[in-house]
Structure formats: C-alpha cells, structure tokens
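Okay, so here's the structure we're looking at.
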Amino acid sequence: MSVTVRVPAKVNVQLAVGAARPDGFHDLANVFLAVGLYDEVTVTPADGLRITCSGPDAAQVPLDATNLAARAAIALAERHGIAPDVHIHIAKDIPVAGGMAGGSADGAAALLACDALWSTGATRDELLAICAELGSDVPFSLVGGAALGTGRGERLTPIDVGGTFHWVFAVADGGLSTPAVYGEFDRLTAGTDVPAPEASPALLDALRTGDTAALAGALSNDLQPAALSLRPSLADTLAAGTAAGALAALVSGSGPTTAFLVADAESAHKVAEALLTSGTCRNARTAVSPAPGASLV
Ligand SMILES: C[C@@](CO)(OP(=O)(O)O)[C@H](O)COP(=O)(O)OP(=O)(O)OC[C@H]1O[C@@H](n2ccc(N)nc2=O)[C@H](O)[C@@H]1O
Ligand SMILES: Nc1ncnc2c1ncn2[C@@H]1O[C@H](COP(=O)(O)OP(=O)(O)O)[C@@H](O)[C@H]1O
C-alpha cells in the first residue's frame, strides 16, 4: 500500500521583512500565494527510512536525514511512538533552492502522506504545529491558497482570493541560500531604522477582488535588493520579462527564481518564450494561482 500527496509551490506577493530578532529570525508580513507547480510525494512501507527523488533537478536534492520530507516523517513517527520505516519518493517539479518553497512543500506532503499511511489520527492543528517546527514556510505548504504569514511566517491567516492570476517563473542557474539572503538583507539595512512589517491593504484587496492590474501595482519583496546584490544578473531577467509584456516582475522570496505577473494565459506563453530566448534564465514555466494545499491524490 502506498499514499501519494500532491503539493504546490508558492510565490510571495508581499514579503515585508523586519529587523533581525534575538533568535536570528526576522518578523515578517509574508503574503503567500500557492501556484500550480507541484511536487508529488509517495510513501510506501519499507525496512527503515529511505528517500529517492526523480525529476530534472533531482541531483540537487539531499537524500539523507536533512531532507525536509525525512524530517517530517521522523517528527510524526516520534510523536506517535512509531518507527519511521518508510520509503519516501519525491517526484520533483518545483525548482530547487529557488525561493518557491520546494523543500517545505515536500515536508508538508510527507507529513500528510505518512499521517494517512500510519493512520495516526493527528489533528490538523497537530500537523500544523509539526510543520512550524520543520520550517517557517512549511505550514503554508500544507494549507495552500493564499495566506498572510506573521511571526517568522509560520502563523497563518487565510486570505480569500477572488479570481485566477497568471504567472511566468524564470528559473535561474543554481540556487540562493535563504540564510545568506537574509544575512545580506541585514548587511544592506545595517544602521537604518527597519520598520515593523505590515501587510499592504491594497495588496490584500487586490487578492480578494481578483484584480490582476491592482495586484501588479502592489507586489513587493523586501528581500529583492539582497537577492540582486548576491546575484546581479537577476536584474537582466526582470528586465527581459518586463520588456516582453509582464505587468509586474519580482524576485520570488529569497530567489533566484523571478516571478512575472501577466494578464492571461496567452500573455504567459509570450513572456515565457521571450524569457527563454533572452538567455537570461535556465527555464521559464507558466502557472496559475491560487492552487490548493497539500492533498492526497
Ligand atoms: C524567504 C522565504 C519567504 O517565504 O522563503 P524562500 O523564498 O526561501 O522559499 C522564507 O522566509 C524562508 O522560510 P524557510 O525556508 O522555511 O526558512 P527556515 O527554514 O525557517 O529558516 C532558514 C533560515 O532563514 C532565515 N529566516 C527564515 C525565516 C524568517 N522569518 N527569518 C529568517 O531570518 C534564518 O536565517 C533561518 O535560519
Ligand atoms: N525535499 C527537498 N527538496 C529540495 N530541497 C531540499 C529538500 N529538503 C531539504 N532541502 C534543502 O533545502 C535547500 C532549499 O531548497 P528549497 O526548499 O527548494 O528552496 P527555497 O528555500 O529557496 O524555497 C536545498 O538547497 C536543499 O539543500
């Protein structure tokens, strides 16, 4: 018997970052939007814990106990006094180390899949608490849709989304380390007064009404200057997508994936083609949002 869970990637339509806290994390107003690029995680009973991964970026995914899917299985097993004897297979389609929360997605998916496989009877709140222990972005991968994340991003308030948004994602060569990007944010803001992060009312309205033009005008990412500082070539990718007709362009989370909001599916294909021929990225993917959270297939 095996269980498969499908789980989406995310883009941060607003990422407001406060000053570093004493624990090293940053308080956020993190407006997550799940997008329709998916990993699939399948769990099967096995002798001991084993992880495999398939897909074009599989070689970049760690297959040891640091994998967030393994950590999720171990955390759930420990709580319920079960041995984590499971083969976890990740069919990976979400760019790795790209600021689209692929590892977090696999953590949430493995947790839900193991919960079903082992019939632990864990409540949704228990699963969300384990997600928050695994990482700041993991609870959102379980929930999907759109949500405001406060604290370090793990405390979620769902947001209703009143329409469909079309995106193009330009996948960069190589990844960016999330702690390195936050570290660069600290370096760039040193000596300045970093305001407390707050969600933008205009952005929340644009999501609720499904207004693409209003959302385009309200997108923001406080980590973008840090990502551009560490990877200056991303400016060329952002310019190429904008020149091709994207309504707005920004770095996705800590990057280096760049996100382009476009008017419709036709425009998405045009912008993706232009990005591919521009030579400023490794791949370009189209996707729509919102997407549902981790769910059993
Ligand atoms: C930037 C964001 C935006 O959604 O995601 P990515 O773009 O990387 O996917 C998140 O804040 C990443 O969340 P996640 O990748 O889960 O981070 P965690 O594992 O919790 O933390 C990794 C490291 O990132 C930094 N970190 C993370 C979250 C936060 N609120 N403040 C931080 O300073 C810390 O250095 C921490 O040690
Ligand atoms: N299941 C997983 N898939 C991808 N990366 C993982 C996974 N588990 C742990 N990682 C580690 O997390 C790092 C960040 O990967 P990822 O979550 O894809 O990107 P990001 O944090 O930028 O959204 C990777 O470089 C990898 O070492």
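Note that Cβ sites are derived from N, Cα and C of the backbone, with glycine treated the same way.
According to TrEMBL, the feature active site maps to Lys10, Asp137. Annotated ATP binding site per TrEMBL: Pro95, Val96, Ala97, Gly98, Gly99, Met100, Ala101, Gly102, Gly103, Ser104, Ala105, in sequence order. Residues annotated as domain 'GHMP kinase N-terminal' in TrEMBL: 67-145. Feature annotation from TrEMBL assigns domain 'GHMP kinase C-terminal' to 204-275.
Figure note: comparing Cβ neighbours within 10 Å for the binding-site residues Ala97, Ala101, Ala105, the maximum is reached by Ala105. Selection of the recorded positions Ala97, Gly103, Ala105, Asp137 by a Cβ distance under 6 Å from ligand 2 yields, in sequence order, Ala97, Gly103. Counting residues per DSSP class in helix, strand and coil order gives 41 helix, 11 strand, 20 coil for the domain 'GHMP kinase C-terminal' (204-275). Under 6 Å, Cβ to nearest atom of ligand 1: this is the test, and of the recorded positions Pro95, Gly99, Ala101, Gly103, Ala105, Asp137 it is passed by Gly99, Ala101, Asp137.
In sequence order, Ala9, Ile94, Thr257 are the same-chain residues whose CB sits within 8 A of the CB centroid of Pro95, Val96, Ala97, Gly98, Gly99, Met100, Ala101, Gly102, Gly103, Ser104, Ala105, the residues recorded for ATP being left out.
Counted with DSSP, the domain 'GHMP kinase N-terminal' (67-145) comes out as 47 helix, 7 strand, 25 coil. Comparing Gly103 (ATP binding site) with Asp137 (active site), their Cα atoms are 9 Å apart once rounded.
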